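S.K.: Below are the structure tokens for one structure; questions will follow.
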There are 2 protein chains.
Amino acid sequence: MQVIPPALERLIIDLTRLPGIGQKTASRLALYLLRRPAAEALHLSTSLAELHASIQLCSRCFAFSENDPCQICEDSRRNDRLVCVVEAPGDLMAIEKTGSFGGVYHILHGVLAPMEGIGPDELKIRELFQRVRTQEIEEILVATSSTVPGEATASYLIDYLAGMPVKVTRLACGIPMGMDIKYADEHTLARAVESRQIIR
Amino acid sequence: MQVIPPALERLIIDLTRLPGIGQKTASRLALYLLRRPAAEALHLSTSLAELHASIQLCSRCFAFSENDPCQICEDSRRNDRLVCVVEAPGDLMAIEKTGSFGGVYHILHGVLAPMEGIGPDELKIRELFQRVRTQEIEEILVATSSTVPGEATASYLIDYLAGMPVKVTRLACGIPMGMDIKYADEHTLARAVESRQIIR
């Protein structure tokens with residue numbers, strides 16, 4: 001007995017393919033769209049259809065962009081001698097939102113994960129070294145996540161870059177702003193003590 | 001500074017319009033689709049475009065269906081003298097999944113919410129009474145949720161149906177299967193005691 005109309009079921013199946021969307025959430029979303037005016041589902045449909053058609057990778061920094069080079073790489077007010085290396089486009093967006101970075105980026109599109117067969121060649125690491133060799137870069141800010149694979153990727157980059165005439169920096173690790181010290185986990189607290197800053 | 005490509009931003013905005021999807025989840029989903037082959041986003045796009053085009057409301061029970069009447073109403077093996085009244089199509093799917101109901105349905109498409117201006121005329125309540133008057137219905141199983149608005153809607157229906165020659169039943173409330181009694185909330189436990197069943 002087919003209880004769910006096939007068109008609804010197809011949408012539910014497609015939605016469950018998205019990360020973090022299970023069967024129940026997918027059903028809820030699909031039924032919501034069915035209850036709302038058709039224009040809403042069509043609008044979302046159009047946005048999805050246009051996504052890949054109008055976005056490509058910037059050939060310099062590998063950010064997603066509608067132009068090549070991307071607007072950040074093209075912007076003459078930005079310091080292209082300071083390159084921030086991030087794992088993914090979402091990290092670039094998070095750093096841009098802070099408004100505290102005036103350099104350019106290099107997106108790795110992942111982290112090293114030898115167990116899953118992801119080595120340096122699967123990421124944009126070769127391209128990063130190429131940029132360091134061919135462009136006048138003064139500083140590489142390694143801004144991978146402070147997770148185990150993020151740290152491993154950072155170590156790999158830092159080791160390799162040691163042989164090149166470029167300053168290498170890392171995002172500061174420590175107590176999050178506004179956090180009570182007694183609630184900080186011990187690894188973070190240990191790192192905050194080790195990286196303590198001289199005030200005067 | 002436009003950091004996010006417009007096509008990506010449009011998709012993120014459209015996704016945040018969905019219930020339970022915030023800014024962060026929308027960004028994560030959109031970036032996921034961008035990283036995956038274009039075919040995946042296009043597939044989802046097509047499913048969304050086809051949703052409203054191929055689904056309508058069954059004119060008898062008001063379920064979403066690709067045919068009118070829907071497959072359940074059309075099925076001669078089902079008992080059309082037993083009508084289960086539910087709030088929404090998702091409830092119908094949940095009951096169908098159990099395989100323990102052999103009657104037909106009537107979907108109200110909401111619950112009474114006078115504060116939000118949702119009265120009987122905004123739901124398919126008039127149509128339910130019309131069915132009771134014109135079809136040979138023996139039993140109405142009121143299967144609204146055991147929430148405050150669900151119970152209020154049930155009370156309204158039960159009061160109105162009292163004047164009609166039809167048996168009215170309600171889903172049993174009690175301890176969920178497999179639950180330890182000491183963890184049941186007191187309202188559920190009180191209801192389970194009041195509705196205790198005679199074994200012998």
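Counting starts with 1 at the first residue shown.
Including glycine, each Cβ sits where the backbone N, Cα and C put it.
Pulled from TrEMBL, these are the listed features:
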type	residues	note
DOMAIN	B:81-176	domain 'Toprim'
ZN_FING	B:58-73	zinc finger
S.K.: Please give the sequence-distant neighbours of the zinc finger (B:58-73): residues at least 6 beyond its ends with Cβ less than 8 Å from one of its Cβ atoms.
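M.R.: That would be 80, 89, 92, 96, 104-109, 124, 127, 131.
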S.K.: Can you count helix, strand and coil residues in the zinc finger (B:58-73) using DSSP?
M.R.: 3 helix, 2 strand, 11 coil
S.K.: What is the number of residues in the domain 'Toprim' (B:81-176) that are helix, strand and coil, as DSSP sees it?
M.R.: 40 helix, 21 strand, 35 coil
